[in-house]
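Novice: Pasting in a structure now, in structure tokens, and then I'll have a few things to ask.
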Amino acid sequence: MQKDLPNVLTSVINSVLKNPYNFSYPFFTAFEVGEGQLNQQEYNMAVGNTTSLGLLALAGVKPYELKKNEEYMNDAQKEHFTKILKAWHSQIMDEAVRTKNQMQEDVTNFADPADRATQEEEFSLELRNRDRERKLLKKIEQTLHKISDDDYGYCETCGVEIGLKRLEARPTADLCIDCKTLAEIREKQLGL
């Protein structure tokens, strides 16, 4: 039997959908675990990984519940991640349009050089953020192609399953946690 989301969780999800960038800390720490509230697994997941929960809420899906003897990266799992990735892509595109419109509205020719410099710095920061998001959009699109090509969910370095929890936390992950850790260690050693 599937349990309905508690009203408080539903309202948090609705607020996330209205402003996803405001979802950067655990809302659930004040909730009590028990009857009519989050169960222990939901609580641990919410407190332990708010980024993942934010993406899931954005896509309007719950964390994937693995069924007994279920094959890894089956059609249901691929559909789950496709929905998450498409919602994420859409949210980034919407934010880019909002930023463009906001920047066009905010263009002011300040007489004071300090005010002009502040505005230029704000625009520069926004453009750097948009460039970062442009790269993320490309990564999301590549990941969607991997799903359609049945290459999604496996480490590009060693070929093992990346795992559903890691993919929910970072749907564009292309390395298992061990290979990612080794890559980060190498980057630190090389000073990259």
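Each residue, glycine too, has its Cβ placed from N, Cα and C.
The Zn(2+) binding site annotation in TrEMBL covers Cys155, Cys158, Cys176, Cys179. Residues or ranges marked as domain 'DnaK suppressor protein DksA N-terminal' in TrEMBL: 77-147. Taken from TrEMBL, the feature domain 'Zinc finger DksA/TraR C4-type' covers 151-183. According to TrEMBL, the zinc finger annotation covers 155-179.
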Novice: Within 10 Å of its Cβ, which one of these binding-site residues (Cys155, Cys158) has the largest number of other Cβ atoms?
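Specialist: Highest number of other Cβ atoms within 10 Å: Cys155.
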Novice: Quick one: give me the count of other CB atoms within 10 A of the CB of Cys179 (Zn(2+) binding site).
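Specialist: Result for Cys179 (Zn(2+) binding site): 17 other Cβ atoms within 10 Å.
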Novice: Just how many other Cβ atoms lie inside 10 Å of the Cβ on Cys176 (Zn(2+) binding site)?
Specialist: 20
Novice: Please classify the secondary structure at Cys179 (Zn(2+) binding site) using three-state DSSP.
Specialist: helix
Novice: Whose Cβ lies within 8 Å of the mean position of the Cβ atoms of Cys155, Cys158, Cys176, Cys179, the Zn(2+) site, other than those residues?
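Specialist: The answer, listed by sequence position, is Glu156, Thr157, Gly159, Val160, Ile162, Leu175, Ile177, Asp178, Lys180.
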Novice: Take the domain 'Zinc finger DksA/TraR C4-type' (151-183) and average the pLDDT across it for me.
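Specialist: Average per-residue pLDDT within the domain 'Zinc finger DksA/TraR C4-type' (151-183): 95.
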